[in-house]
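Notes for the one structure printed next.
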Ligand code: CP
């Protein structure tokens, strides 16, 4: 039963519950008009303390396409946060004005605090460099729709694996499916956090390797998940400037990959995927952004208990 629940971490839902959401999202994507009034009379609040294009707008689009309404803020200075209001007070108040809240916050763990004080479901729309569970739903839906499965895959994660919250969440989620292998491609300074390695990968005996060179492994991959170097999480600009061009996926590298490999990216992209790759039919990152809206339509409907 998903009604009334929060989504803070990708592991908050069982595999069966995730399947339930993905199945509904798939049905919505095939016949959107059948779901156009599912959330009539309901209100989604989007509280974004950090910038966003896809997550906030796809949440808002999702609710509007379900017949519901939206309110919220896209940057905290336009709200009473700028006067010193706490997160706890904000969500207590916004709970009175809405039926469900999607929030993004720069502090890791902020959605857990929000969930303690809210009287409506809280959805984590990204907390610092920690987790991004609704991007994971988008990613799982994309992979399942295009590859037809979520198991027996070799997935390469490339770029900023230290601060990339979408990577942390997707590794957690894909670790629950059989026989997935991970190739973690990053500079040494931007390797995956130790807790993901020890508590998820090693603890569950999941095969993974850590490498620095994309060209040497690209031919082994079913999925290449590219990520941006997360400028906003660096303590000094010098380190960012040194690392920002670590990986650039271009036609030459794509030529070395299997014809069935797909390229995903949570977006926004800076320069880590050359624009010429967009023309390659294996580039699926814009489809992925669209699947994100269907995944969020399904999630909102399930947490509100309207289906
Ligand atoms: N993928 C993602 O979270 O994009 P935004 O930062 O634009 O929401």
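The backbone N, Cα and C atoms fix where each Cβ goes, and this holds for glycine too.
It should be emphasised that the depicted structure is a prediction, and the values quoted were computed from it without experimental measurement.
Taking H, G and I as helix, E and B as strand and the rest as coil, DSSP gives the domain 'Aspartate/ornithine carbamoyltransferase carbamoyl-P binding' (5-144) the counts 73 helix, 25 strand, 42 coil. Positions annotated as domain 'Aspartate/ornithine carbamoyltransferase carbamoyl-P binding' by TrEMBL: 5-144.
As annotated by TrEMBL, carbamoyl phosphate binding site applies to 54, 55, 104, 132, 135, 267, 268. Neighbours of residue 135 (carbamoyl phosphate binding site), defined as other CB atoms within 10 A of its CB across all chains, total 26.
Taking Cβ-Cβ distances under 8 Å and a sequence gap of 6 or more within the same chain, residue 83 (L-aspartate binding site) has no neighbours at all. Sequence annotations record features per position, and here TrEMBL assigns L-aspartate binding site to 83, 165, 228.
The domain 'Aspartate/ornithine carbamoyltransferase Asp/Orn-binding' annotation in TrEMBL covers 152-301. Per DSSP, the secondary structure of the domain 'Aspartate/ornithine carbamoyltransferase Asp/Orn-binding' (152-301) breaks down as 63 helix, 24 strand, 63 coil.
Considering only the residues assigned to L-aspartate binding, 83, 165, 228, the longest pairwise Cα distance works out to 33 Å. Among the binding-site residues 55, 83, 104, 165, 228, the residues whose Cβ lies under 6 Å from any atom of ligand 1 are, in sequence order, 55. Distance between Cα atoms for residue 268 (carbamoyl phosphate binding site) and residue 165 (L-aspartate binding site): 13 Å, as a whole number.
By the criterion of other Cβ atoms within 10 Å of the residue's own Cβ, the least surrounded of the binding-site residues 54, 132, 165 is 54.
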